[in-house]
């Protein structure tokens with residue numbers, strides 16, 4: 001009966017997470033689209049639910065809820081299900097929906113979906129080769145094989161997002177980087193855009209008139225051929241197809257220009273909004289935060305470099321270290337065990353919540369930016385895949401932030417992975433991502449004012 | 001080219017419904033081979049014979065402005081799009097028959113295009129909520145076009161067509177349902193072609209009388 005109680009409590013929580021994922025999908029991601037495929041929505045919510053359950057099990061570990069054997073059982077169960085989803089279900093459905101979009105392969109959807117899935121598995125397996133992630137004593141079909149590869153992909157993603165986020169956050173928060181945009185700038189650009197559209201219209205009118213004349217004279221499909229045809233085309237006084245193709249080229253160039261001008265105008269509008277926002281109280285608060293985050297970002301880059309150069313991975317977690325410092329240097333005595341448990345809980349809780357929230361926000365932004373009604377299903381499944389891998393790797397890395405006694409369960413469940421490798425890999429990718437983001441933002445920032453000066 | 005001679009019709013609708021294919025079909029009488037995402041606005045020109053077959057027949061150039069994007073776009077994008085809504089003489093609202101959301105979003109699209117102060121006579125829309133009476137009389141000519149008709153199975157056709165009839169009634173507009181990849185829906189003499197021709201005649205009349213949404 002105790003067992004049944006625990007099971008029902010855990011299932012209830014899982015259903016709760018599932019419901020949250022479902023609502024998030026409906027209200028935020030797909031609010032402008034019609035969901036025709038419930039399969040996609042179910043897969044997304046299930047991935048989200050099982051990922052959150054992993055974090056919930058970590059919290060249970062710290063708080064000592066349930067007994068350790070039942071926790072271990074749930075860990076293993078959850079892990080198996082998540083791996084099943086991430087390695088079998090989601091990639092297969094991604095292949096299936098990609099194939100559905102291509103008209104040619106419509107008939108043999110299942111067959112081609114299987115082919116795509118097998119290709120994915122091949123590359124997924126090959127991923128293990130260049131990395132020293134496993135000790136040779138593991139068999140082929142073990143959980144460790146799958147987890148290690150999922151971990152590599154997930155950690156890479158986390159580090160990329162972290163690096164970019166660490167640099168982008170102060171850049172967007174601080175108003176120091178905001179370019180000065182006046183209403184006159186916007187009006188001038190809008191005028192240029194409308195002038196370009198007018199030019200396109202007048203050229204298209206000429207083309208339309210020429211087509212109509214040619215159609216009425218029955219010349220549309222008669223391209224003069226042969227020797228006499230060439231003579232005839234030289235002497236005929238109509239505009240001729242060479243002139244038309246010249247106009248068409250001009251139209252294509254003007255249309256490209258109009259697209260660029262549109263994007264630039266939208267950019268100016270967005271900057272103007274941000275300038276106005278920065279004058280409000282909220283804006284000033286974020287500006288201040290931006291300075292704080294830039295210091296934090298510099299410190300993180302510095303620490304990553306130190307870790308790589310001196311080849312060290314932190315042995316103690318921040319909680320224990322913090323407590324040691326307070327006890328040894330500040331001379332404050334308190335019950336280490338009690339406090340370490342509660343502070344770990346809070347710290348780990350904050351890390352979990354901010355990383356879930358940050359990921360969901362980033363995914364939503366990506367989704368709005370790149371999806372259209374055709375590709376929305378594929379993109380959502382890709383996002384579910386990324387989310388799952390991200391959360392699995394978070395569990396891998398969070399181990400470092402927890403005191404020793406709580407780390408053991410993760411080590412036991414995930415098996416003997418080379419955890420140090422993952423931290424090193426994270427530092428490397430983080431550094432690369434942060435430095436490239438700085439370079440990228442610097443170039444983008446420099447290029448923008450020059451564009452406006454050319455007007 | 002004097003401003004008075006220009007006849008401008010806006011083509012609005014969610015992204016992916018088939019506005020670019022539709023405009024290409026209307027202007028070039030051909031099916032668009034490789035539709036791609038519209039960035040900003042793309043214009044095309046249709047030659048229309050006003051009052052065809054009567055002694056007052058006259059040829060006009062109708063500019064079809066196909067504005068890309070979605071109703072939920074960022075405010076900066078909406079402000080940029082607004083520059084294309086000047087001096088309108090007519091609006092074609094396009095929705096996807098297989099996607100109910102795109103039909104519902106038409107209300108928001110029409111509000112976005114018409115939600116401006118108007119100087120002389122014409123449409124005056126000031127609040128942000130959709131109100132049926134705004135579309136009753138004395139309004140800019142509207143046409144509702146439903147695309148991807150071929151993708152609706154025969155059994156569901158009646159249900160869908162009833163729904164779209166209500167939609168068109170709400171806008172006090174005619175409706176045409178077609179498949180943009182098949183020119184036969186707009187073949188000369190078909191009822192769709194007649195409706196289209198009537199719509200453009202209305203637009204030209206509207207423009208000639210000096211009514212324009214600025």
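The backbone N, Cα and C atoms fix where each Cβ goes, and this holds for glycine too.
Source: prediction; values computed, not measured.
Record features (TrEMBL):
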DOMAIN    A:142-207  domain 'Golgi pH regulator conserved'
DOMAIN    A:277-446  domain 'Abscisic acid G-protein coupled receptor-like'
TRANSMEM  A:6-26  transmembrane segment
TRANSMEM  A:38-63  transmembrane segment
TRANSMEM  A:75-98  transmembrane segment
TRANSMEM  A:110-127  transmembrane segment
TRANSMEM  A:147-169  transmembrane segment
TRANSMEM  A:288-310  transmembrane segment
TRANSMEM  A:343-368  transmembrane segment
TRANSMEM  A:380-402  transmembrane segment
TRANSMEM  A:422-443  transmembrane segment
Per Cβ pairs under 8 Å, the stretch of A:6-26, A:147-169, A:288-310, A:343-368, A:422-443 packing most closely against the transmembrane segment (A:75-98): A:147-169
Long-range Cβ neighbours of the transmembrane segment (A:288-310) (under 8 Å; 6 or more residues past either end): 166-167, 169-175, 423-424, 427-428, 430-431, 434-435
Mean predicted confidence [pLDDT] for the domain 'Abscisic acid G-protein coupled receptor-like' (A:277-446): 77
Long-range Cβ neighbours of the transmembrane segment (A:38-63) (under 8 Å; 6 or more residues past either end): 10, 13-15, 17-22, 24-26, 30, 71, 74-75, 78-79, 81-82, 85-86, 89-90, 93, 97, 341, 344-345, 348-349, 352, 356, 377, 380-381, 383-385, 387-388, 391-392, 394-395, 398, 402, 406, 409-410
The domain 'Golgi pH regulator conserved' (A:142-207) - residue tally per DSSP class, helix then strand then coil: 59 helix, 0 strand, 7 coil
